[in-house]
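All remarks here apply to the structure that follows.
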Amino acid sequence: MAKTIIDAHNVSKTFNPKTIPVHAVQNVHVHIEEGEFVALVGPSGSGKSTLLNMMGGLDEPTAGSVIIDGVEITELPENKLIDFRLHNIGFVFQSFNLIPVLTAKENVGFVLQLQKMPKKEREERVLTLLKEVGLEDKINSKPGQLSGGQQQRVAVARALASKPKIVLADEPTANLDSKSAENLLNIMAKLNKEEKITFLFSTHDQRVIRKARRVITLVDGKIASDVEQTPS
Amino acid sequence: MLLQIAWRNIWRNKARSLVVISSIIIGIWAGIFILSFSWGMYKNNINESVYRQLSHIQIHHPTFGEENDSKFMITQTDEKLNQLQSDDRIASISSRVITTGMITSPTTASGVKIYGINPSSEITQIRLDEYVTEGAYFEFGKDNEILIGEKLAKKLKVKYKSKVVLTFTNVESDIVSAAFRVGGIYKSKNISLDEVNVYVQQQHLQELLELKPSESSEIAILVKDETQIDTIKQLSADIVPQGKVEDWKELSPELSMIIESFNLYTYIISGIILLALTFGIINTMLMSVLERIRELGMLMAIGLNKRKIFFMIMLETFYLTLIGAPLGLLAGWLTVTTLANTGINLSMFSEGLASYGFSSIIYPALDQEKYVIIVIMCLITAIVSAIYPSYKALQLNPSEAIRKI
């Protein structure tokens, strides 16, 4: 039996609780096992990004708890939570969000430097990752010199740099053309299969949904369905 | 890596960073210029007072300063002058006979301070000869020659070679009147003193006051090295044990107050300039932070803790200051060094400046210590200015920040 890597227990999130409350997520239970490739889907405003952020420790639930690999992150003080994210969670954002003043190599190496990895080891890992995402010829390019698809691949390499247990991706293909999106999804699917990294996507992109082995649908902040499927 | 990111960040918007750097340069340059200009004015005024009026050290009878009466004199002056003159730390020395009285011309009268001087020894002391605009500096060697200021001459409506009468009391408290002929008219850099100080031959005044030739009211000493003033003061006290020995700061407390108040002035002026600079830096850095909210949110999300985010923003401000401050200092130093040689000619305001004892040519000057103060204040400004934008960055919630457009 696979190990539970994410356990969101009775999680709720209400914005503006004192003025006009918006119940973004309501009493959600989600268990995700190690090595899963999950798509969190739903219409805009259904609460999928909020749930993803809470699972990544970027947002604090109004109620409930999130346990990642046995650690209740909702109880961690801020600095420990940041440190936890650094070592355990990789993020891929919709708008790539790379550091514009750093090259592809430096962007990926940045996380490793925060982890205080020795320089030689760090450089080797960065090159391996950039090679894995097919950007070995762009290591010294800055984000402004890369296409959207290339930037997102750098972001994936950065998310994987610290060998996280989970990669959380918020609409990772939203700003990409079909070819770039396909390319990116294939890379992530390969890493999921070969390195057993758990991927959790918030998306309404059918291309992503088709690749997922499990699809959780959120409607109005509640789980409407949770189904397993054979990826195509 | 943070050092590198902060450095590269400041060049993301070159125009904005250059505006901040320029404002730092101009701010520091302006601070240095204003301070050096003011100090140049004051220093000139102090030098004028010390070297042409007070001298570094003066010795009087202990009661002379209070009564200002010539009967409180120093005896055996010549012997004491010889002893002091033998010390090679002393640049020049002279004795003076001083009394107060009235000067009368055919049209009007005025109260004056009468100095009986030895013209040859005063050439290296008050150097009045350099200020003579009409006539000559005791050229004729006559007893009844008098040197008066241009302003007093105008007031008395007298000219070179005019006749005036001095009236004063002698040591026996008898009223004495004597006729003098204006041998020269001088114009010093302190017009207010020109109106009250008149100079006559010491020997003649001694006779009129009924003083003995070796009696005088004042011994004035200029030292070669100002750091030796205290030592020479002690030496003077040993040689003239019954005299009251005072240095120029004691003789003219207002001058020493100028120096002290200038230090305060340094802080106030620098503070005002740097305060304006602070707001400029805060504004720019705040804009820079607000423009990068999403990026800062991402940095927090991927594991950069808030302490490091704070440090990074502080560093960016610090870098801008570290570029601007040395350039501003260099510009200031070059300006001061150049103008210290050429001077700033304010002759159009000479009348007004001279009435306050200021020269019409200002030679800006600034001690090294003041440059250090400006640098330190600049660094403090940079740190203070960076706190608010850095604090704003700390307030960010990563999930909200990432969603910002």
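Along the chain as shown, residues are numbered 1 onward.
For all residues, glycine too, the Cβ spot is worked out from N, Cα and C.
The domain 'MacB-like periplasmic core' annotation in TrEMBL covers B:17-234. Positions annotated as domain 'ABC3 transporter permease C-terminal' by TrEMBL: B:268-398. The transmembrane segment feature in TrEMBL is assigned to B:18-42, B:264-289, B:309-334, B:371-391.
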Considering only Cβ pairs within less than 8 angstroms, which of the stretches B:264-289, B:309-334, B:371-391 has the most against the transmembrane segment (B:18-42)?
B:309-334
Going by DSSP, how much of the domain 'ABC3 transporter permease C-terminal' (B:268-398) is helix, how much is strand and how much is coil, in residues?
108 helix, 4 strand, 19 coil
Averaged over the domain 'MacB-like periplasmic core' (B:17-234), what pLDDT does the predicted model reach?
89
